[in-house]
Amino acid sequence: MKIPTNSVSPSDFIRDIIGEDIKTNKYDGRVHTRFPPEPNGYLHIGHAKSICLNFGIAKEFGGLCNLRFDDTNPTKEQAEFVESIIGDIRWLGFDWEDRLFYASDYFDKLYEFAVQLIKKGKAYVDSLTPDEIREHRGTLTEPGRESPCRNRSVEENLDLFERMRAGEFEDGAYVLRAKIDMSSANLNMRDPVMYRILHATHHRTGDKWCIYPTYDFAHGQSDSIEGITHSICTLEFEDHRPLYDWFLDQLDIHHPRQIEFARLNLSRTILSKRKLRQLVEEGYVNGWDDPRMPTISGFRRRGYTPEAIRDFCERIGVAKNESTIDIALLEHYIRQDLNKRATRVMAVLRPLRLVIDNYPEDSVEELVAINNPEDAGMGTRKVPFSRVLYIERDDFREPPPKKWFRLAPGREARLKHAYIIKCERVVRDEKTGEVIELHCSYDPETKSGEAKAGRKVKGTLHWVSAAHAIDAEVRLYDHLFLKENPDDVGEGSDFRANLNLHSLETLTACKVESSLAGAKPGSRYQFFRLGYFCVDPDSSDGKLVFNRTVSLRDTWAKIEEALRNG
Ligand code: ATP
Ligand code: MG
């Protein structure tokens, strides 16, 4: 696993290339990038890396970045995905101003480009079936074979291509291919397909077209039409670069420079829209924005901030070699950000009733609580304290294990913001033996924050006043996959075999402090001792629902410490 260093390097190989191009005045010193998602799913954290890179570079160099939907495959693309992608990029904090484009905007222009290549003798209509084309293609060690249609006349090619467009033929009857080199060592250069017949309705162009350009033909030409200078993409397109360059050279049009970088891989995470789609469609998760999903919308619902995701993307940087980043690093960034901004409150996830026998029956005290010790500007609030409270079931043990600083019969602990209490008596269910109530005494001389704060005890517990607490549901999450690499499976199996079937735990009888009444979806809190939580949109007037964004324990800090100590 790659361990990124702590120092954020201001530059990287891509920024170096661009800096050099500016120096030599290539593209008249302009920098213009684009983010080109295919609208066939929701964006994931890998896309966030690409978004931060493309928009970030444009900003740093005083340039522009376009958003372009690469919508050349009508069978897999949907308007729902377009909308989610737009919302996600905005949420991440990036702006394409008036430069929102679609590859489908260029279908007429791309058709013209194809005709130009036919006229130059650089493209031909092939009648081989898709299977035959694959078979003629050869392998890495064997050259391909030329199609018998390769030397059709320009006139015949123009006529057939026109009729393909007019809808005369069935799907798969013909394709348009570039005429390059069937013996090239690079399989992408063996007369790649440029257009295929597809009688399918497109989400934007409707039924206007029944032929659609392939990614390879559409992408570079779209970049060129938009005046892109640096076309940044992931490493799997490195072998496509000669083809990217070939089309632009043959057409003799503006020629952007393609630069490849290593995609983001995250431990215990799948970053492939196809596989994420499988998780959604097969019901392993509750939709694309399930808080366990590594999608931008999943992270948003989980309580992540755009700042944390951007900081993470900046920290991991870009490289030319594939590697896997520990998901603990991403969690480290969200903790760091929420530590600064989240109000500290008290919530009890598994309530145990606690009665303070020597506390006046009808008395309620308003105790002062600091909202965020990291930020005095966030102020204080009042927390009601009374005779009957709830504490966390886990905070009582009988008999207490070694080094137990919480409650047990006869033991003392401090209640956060309140008093030191002592456990005097335990009430058990007669049948099951389960502990159902604790009876305690409190020491009025030990009130927190008062000068004579009195004795010290080691353990401090969170609590809520039973009469004032609000009911809540809390959803706790674990990683979706059990293995570091979810694709590490035996033969005949796939990533689904590594799914963690206990990745969601729903607690429905939680109690949260009264200041959370009316909390709006998206509000973020630190529940004292329990982690960071965010109000879920499933909340209604009658019921608050929280997602745990992340626990408090920073495993990344431990990893770094271990590294420092060798
Ligand atoms: P997936 O494999 O998840 O379907 P994709 O590459 O097919 O991803 P696109 O919509 O085509 O998805 O990607 C848009 C842009 O995001 C491309 O430039 C692509 O290179 C980049 N991208 C996709 N996945 C990652 C990743 N894991 N890390 C960095 N960039 C990525
Ligand atoms: Mg793709």
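Just so it is clear, glycine is given a Cβ too, placed from its N, Cα and C backbone atoms.
These figures come from a predicted structure and were not determined experimentally.
Among the residue ranges 270-274, 550-554, 560-564, the one that TrEMBL annotates as motif ''KMSKS' region' is 270-274. Among the ranges 15-25, 37-47, 213-223, the stretch that TrEMBL annotates as motif ''HIGH' region' is 37-47. Per DSSP, the secondary structure of the motif ''HIGH' region' (37-47) breaks down as 3 helix, 1 strand, 7 coil. Mean pLDDT for the domain 'Glutamyl/glutaminyl-tRNA synthetase class Ib anti-codon binding' (342-443) in this predicted model: 97. Geometry remark: Ile45 (ATP binding site) versus Tyr215 (L-glutamine binding site), CA distance 23 Å.
Residue environment of Ser272 (ATP binding site) contains 14 other Cβ atoms, counted within 10 Å of its Cβ in all protein chains. Among the binding-site residues Lys49, Tyr215, Thr234, the ones whose Cβ sits under 6 Å from an atom of ligand 1 are, in sequence order, Lys49, Thr234. Each residue contributes its Cα atom, and for Leu264 (ATP binding site) and Tyr215 (L-glutamine binding site) these two points are 22 Å apart. The two recorded residues, Asn40 (ATP binding site) and Tyr215 (L-glutamine binding site), have Cα atoms 13 Å apart.
Closeness to ligand 2 is met by Glu38, these being the binding-site residues among Glu38, Asn40, His47, Asp70, Thr234 whose Cβ falls under 6 Å from the molecule.
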